[in-house]
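Peer 1: Dropping the structure in here first, questions after.
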Number of protein chains: 2
Amino acid sequence: MKNYFSSDFKLGILGGGQLGRMLLAETQKLDIYTAILDSNKNAPCAQICNEFHQGDLLDFDAVYNFGKTVDLLTIEIENVNLDALDKLEDEGLTIFPKPKDLRIIQSKARQKNFYVDHQIPTAAFSHYAYLEELKHAVENDIVEFPFVWKAARFGYDGNGVKIVRNIEDLESLPLVECITEKLIPFKNELAVIVARNADGEVKTYPVVEMEFHPEANQVEYVICPARIDSQVAENARELALKIVSDLDFVGLLAVEMFQTVDDRILVNEVAPRPHNSGHYSIEASYTNQFEQHLRSILNLPLGNTNSKVAGIMVNLVGDEGFSGEVIYENIEEILKIDGVTPHIYGKKETRPFRKMGHVTIVNENIDDARKIAQQVKETIRVISK
Amino acid sequence: MKNYFSSDFKLGILGGGQLGRMLLAETQKLDIYTAILDSNKNAPCAQICNEFHQGDLLDFDAVYNFGKTVDLLTIEIENVNLDALDKLEDEGLTIFPKPKDLRIIQSKARQKNFYVDHQIPTAAFSHYAYLEELKHAVENDIVEFPFVWKAARFGYDGNGVKIVRNIEDLESLPLVECITEKLIPFKNELAVIVARNADGEVKTYPVVEMEFHPEANQVEYVICPARIDSQVAENARELALKIVSDLDFVGLLAVEMFQTVDDRILVNEVAPRPHNSGHYSIEASYTNQFEQHLRSILNLPLGNTNSKVAGIMVNLVGDEGFSGEVIYENIEEILKIDGVTPHIYGKKETRPFRKMGHVTIVNENIDDARKIAQQVKETIRVISK
């Protein structure tokens, strides 16, 4: 094993946002030296990593030159220049997750094709290179309202996903490459995080359940464990494992799924990194997802994915109608409640629906946790001065 | 309440060692801006705090000038220049723990006098300004062998404490101010951490039990909860609360105690900050001691001090016979065991008995945790290249 701890080994991370920041908590715990590349000199990681490089993650030279300075490269965001990663890999750099998997995952169209090719159940879809192609398909009754529209690339936090119910909705879409999916009635949105190291050791976290904010299309509560039938949970874990195996994936893969009304599991999409749906693990799990990400990419033994207690995560997003220097109103009220831990991501400015932090609620009893989560949600407000 | 989160509030910390480093994990989680003063430009905190100032903690000007740049001042080590703190406090700076309490705690002689003045049970002691005074007392049969010798100041991790059994032991002691204590036969060494904020809200952590390494006089295992009678535990918590109350203390106070063979509780000494005996709390407690320290000094509501699971901490100290660039031999072996989390403090060079990190073992069953702790202890070795 390479000596990663208090050594001259240098871990490179592409991206310096909140996921990187939570990953740094773990590199600091294990004293692994980290260098970060991000275009924003005020990124959440900028002040607290060992080494910060400013540069565009989609720029070949920025990524390539950064990669040449590190011993192993990983990501905290998948929208990075893959040609640079391919060249770095050709030149011998270890990169996890693998560039070939990032290439599949970066594009929702390629992801969908991958699922179809590997008999992985997912909602039926069509792919359009431009919005005009989609309009043409609608005009010719090849696609019927309502349907789900997804930008093929650069979607995040619910951006890049719309339910299209009529011609007006269609007209408001951006002109970009996209896919459409049948609108499937589902009981639950679920997620499973899988970790796999280069030796092939693999572990799944418990299935979590997600409740979405009806307007913002952002996750409002992530509940671990999901309050679902154990057979459904088992099916979800097996499906997530199949994807990891079919991709020959190394790292952390978050698999988002739908549980249909007839209890089938369909894959929605995957993320090749620590994920919002795993933040509860910092307080609730024996090994949190960020430490597990490090263990998997460094080919260390994977940690126990079981939970000590039930966990619920509430996203802290900017309130509508507030922009500017952030204030976390009533944060002291939620700190009074047992088992409540706020995480503040270090963004100085709030905007409506901007993801500013999250709050984890842990409790021995999941129903008590759910009540407290609601109380937290109704108490704290992300506003501006 | 003041706005501490993602704001221009600046927390100053005197000391940038491993306790500071674990405290920074919490300031980062809450996005509280931190400035650190330490004499060592390679201190564990140097690279990961928002602002690092190099300077001697015992130097009036260094501490005073640093204090003038921050909004609230705290410590991660108690050996700091108190005259500077007094002047800063006079000039309006909020300092927790209070300088008056640090003055009592810095000196073991003053601590002992405080216990006597407040009818707090502690081992009988004598105080000597110089070693010569102690020798004189021995010659005149005022002190009898064996006894415990403690340097009045600057002891840490078992340094500054010796059991003196004969004239030869006496001759090898340093010339400094000291106290001596009767050697008391005890069943257990216990510790209780108490948090108190400026509003007077107070919470105690469960009583922990400490096992010491027989030669190095350093803690080998910290076990939470202590495997003792519940009435003894209750007495220990009450005694710790009395000390906090008598000091009118604000912050985190770690109280080390002896459980005598007849089940009395005697105070050994206190530390006015997060403490080695509370490291288990990072993985085991609802609110870890570092977050609790922040809550207490910022006058925020205190968090739940209960444990999710049993926790045991093993100190990682440099093996005898190794000095130089550190290697954590067999760390990958301990990572294979469920519920095992290493913390590496970021010191590049090991020395015999130097505190280099710790490992936490958490488990639903304390006896299983204890077995695993032994396995961890027998597996990992802190050696040099």
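For all residues, glycine too, the Cβ spot is worked out from N, Cα and C.
Small disclaimer: the values here were computed from a predicted structure and weren't measured.
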Peer 1: Just to be sure I read the record right: B:Lys108, B:Glu181, B:Lys182, B:Leu183, B:Ile184, B:Glu189, B:Asn268, B:Glu269 are listed as binding ATP in TrEMBL. Which of B:Lys135, B:Lys150, B:Lys242, B:Lys308 is listed for the same site?
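Peer 2: Of B:Lys135, B:Lys150, B:Lys242, B:Lys308, B:Lys150 joins B:Lys108, B:Glu181, B:Lys182, B:Leu183, B:Ile184, B:Glu189, B:Asn268, B:Glu269 in the ATP site that TrEMBL records.
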Peer 1: Let me know the most crowded of the binding-site residues, choosing from B:Lys108, B:Leu183, B:Glu189, B:Glu269 and counting other Cβ atoms within 10 Å.
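Peer 2: Answer by Cβ density within 10 Å: B:Lys108.
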Peer 1: Once the DSSP letters are reduced so that anything not helix or strand counts as coil, what is B:Leu183 (ATP binding site)?
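Peer 2: For B:Leu183 (ATP binding site) - judged by DSSP and reduced to three states - the answer is coil.
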